[in-house]
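Sequence annotations record features per position, and here TrEMBL assigns active site, proton donor to B:His34. The motif 'HXTX 1' annotation in TrEMBL covers B:34-37. For B:His115, the entry in TrEMBL reads active site, proton acceptor. If you look up TrEMBL, you'll see B:115-118 marked as motif 'HXTX 2'.
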2 protein chains.
Amino acid sequence: MKVGIALFPSKQLQDQANSFRMRYDSHYAMIPPHITLKETFDVKEEELPTLVAMLREIAKKAQPALIDIYKVDSFYPQSNTIFFKIREHESLTFLYDQLHSEPFSQNPKYGFIPHLTIGQELSDDEHADVVGRLKMRNFEFQEVINRMQLLYQLENGSWSVYETFHLGEDA
Amino acid sequence: MKVGIALFPSKQLQDQANSFRMRYDSHYAMIPPHITLKETFDVKEEELPTLVAMLREIAKKAQPALIDIYKVDSFYPQSNTIFFKIREHESLTFLYDQLHSEPFSQNPKYGFIPHLTIGQELSDDEHADVVGRLKMRNFEFQEVINRMQLLYQLENGSWSVYETFHLGEDA
C-alpha cells in the first residue's frame, strides 16, 4: 500500500489554505491541507506495525514543529505547484532528516523545502496569474504543530489517516 | 469547532465502500469511509485537550472493535441512507455507550445501529433501485479495528483527523 507522512495544521490554517485550494488545487478533495514530511512510498500491509513503531520513536525524539509561513511561492519552472512557504526550522529539518535516512528511502531528487500546497496542476497561464496576484499579498502566520500523521492512500486516490504521533511527548 | 468520533476500517474495506460511495454518497469527498461512533458535536478549541484525555481513557478501557458486516440495509423511511450493516457486538456497544454518557451529550433520537454508510441523499427512486439491487447481493466481511479517531470539520465541510486512540492498549 502507498503511505505518506504529513503534518496537519490548525483548523484556522487549513481553512485558509482551502479557500485557495478549492479553486487551484486538483487534489483538494483527496486530502486536507497538509505539510508533507515524506512523499508517497510503498509498504506491505504486514510491515505497517514496524513502520508505526519506528515513527513513534522518531516522534518521541522530535520537538513540536514550528510552522512559520512568510510568503506564497511556486516551484516553477520545476512544476506549477503554488504553496505557502514555511521558514526552515530545526524542528522540521529533524523530522525530514529522520524520515530520509536509513532504514527509510532517501530522496535524492530534491532537498527539503517546507511548504503547504495551495495550488497544483494549473495551466502555465493560470499559474502565472495566480502567483503574480498572491505574491503581492502579505501572508504571515505562525503556529506550532505537535503531532504528525501516517496516512495511506485508497484506490480512488484519497488519503486516510492511519495513526497520529505526538511530537516530543512520551504519551 | 465541530468534532466527531469514528472508526476507519482497513484499506480493503474502505476501497470496497468507496466503489459504491463514488456513485451514491454525497459526502464521498468529505471524509473516507467510516463507522460513526459519535455524531458531530461542538467543542471549544481550548477544550480539545480535555476531550483528548477523556477519549484516551475510554480507548484504554475498550477492546478492539469487531466489525462484522452481514448485509446492505437502509434507514428508509427515516432517511435514504444506505449502508453496510454491522452486527452488534459488545466491543462497539461499549464505545458507543461511553461516548453517550456523562459528561458527553446523549443521543435521545436514535439507538445505536452500527453501520458504514455507502449512499445518502439519493432520490426516492434511485434509493429504491440501489437498495433493491444491493440487497440481493451477498455482503459479508469481518475485521477487527484497533484504533478510533477524533476528527474536526473544516469550513468546507470536509473532515480532518486530529488524533488516533488505540483501543485496549496502553500505548
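Using the three backbone atoms N, Cα and C, a Cβ is placed for every residue, glycine included.
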Restricting to the motif 'HXTX 1' (B:34-37), what is the model's mean pLDDT?
98
Between the Cα atoms of B:His34 (active site, proton donor) and B:His115 (active site, proton acceptor), find the distance and write it as a whole number of Å.
9
Using DSSP, how many residues in the motif 'HXTX 1' (B:34-37) fall into helix, strand and coil?
0 helix, 3 strand, 1 coil
Which residues, sitting 6 or more apart from B:His115 (active site, proton acceptor) on the same chain, put a CB under 8 Å from its CB?
B:Ile35, B:Asp73, B:Phe83, B:Phe84, B:Lys85, B:Ile86
